[in-house]
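*Asks:* Next up is a structure, given as structure tokens.
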Amino acid sequence: MGAVVGTLTMQTKQRRPSRDKADDDLEMTIVCHRPEGLDQLEAQTNFNKRELQVLYRGFKNECPSGVVNEETFKQIYSQFFPHGDASTYAHYLFNAFDTGNTGSIKFEDFVTALSILLRGSVTEKLQWTFNLYDINRDGYINKEEMTDIVRAIYDMMGKYTYPVLKTDAPKQHVDAFFQKMDKNRDGVVTLDEFLFSCQEDENIMRSLQLFENVI
């Protein structure tokens, strides 16, 4: 949803000071899907009411119906990675945003995830990242799941990445992660193992920034 975030900055700068609360409340009602009340979203996220209003305008600008399906999500996301194929990673990212497994992302889904990714604690961010890796949502990350995510990120970054990435780079990346994370060597990484390993190892924390940068 990078395009939405990018749009938000422009929306803030172009905002007319003459708008008042009545205008804001009206704008929140004219789409097909009406989000939860601002007071409720303010209580559930780390954004204040004014920030939520600006976020909503940016979301509505990209998604006039009030919801975004996976195909639209992929189209928006791919704009920021023209040299690679972002479709597979966007698929995984869409599923992470779509916590209710409804096949669409509402404003509430978007702003809740954005609140965690931008202003959540380290633990909250890592928990969200764990859920992204846990593709089948069974509570564990296996090596195949992590390989799929990492390969999707490499594909998204494209052939023009500098320095040029080797073909076996995703496998090497995953092997290094698993060697440090799978403490009991049972072939899967639990949430506790993931949190512990990430927070004790500065190299892993730096590596995880790769995923934060492509949100």
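Counting starts with 1 at the first residue shown.
From the backbone N, Cα and C atoms, a Cβ is placed for every residue, glycine too.
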*Asks:* Please find, within the list 1-22, 45-66, the residue stretch that TrEMBL describes as region 'Disordered'.
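*Replies:* In TrEMBL, residues 1-22 carry the label region 'Disordered'.
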*Asks:* Can you give me the average pLDDT across the domain 'EF-hand' (121-156), rounded to a whole number?
*Replies:* 93
*Asks:* What residues elsewhere in the chain lie close to the domain 'EF-hand' (169-204), defined as a C-beta under 8 angstroms and at least 6 residues from its ends?
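*Replies:* Apart from its flanks, the domain 'EF-hand' (169-204) reaches 122-123, 126-127, 130, 139-143, 146-147, 150-151, 154.
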*Asks:* What counts of helix, strand and coil residues does DSSP assign across the domain 'EF-hand' (85-120)?
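*Replies:* Counting residues by DSSP class gives 24 helix, 3 strand, 9 coil.
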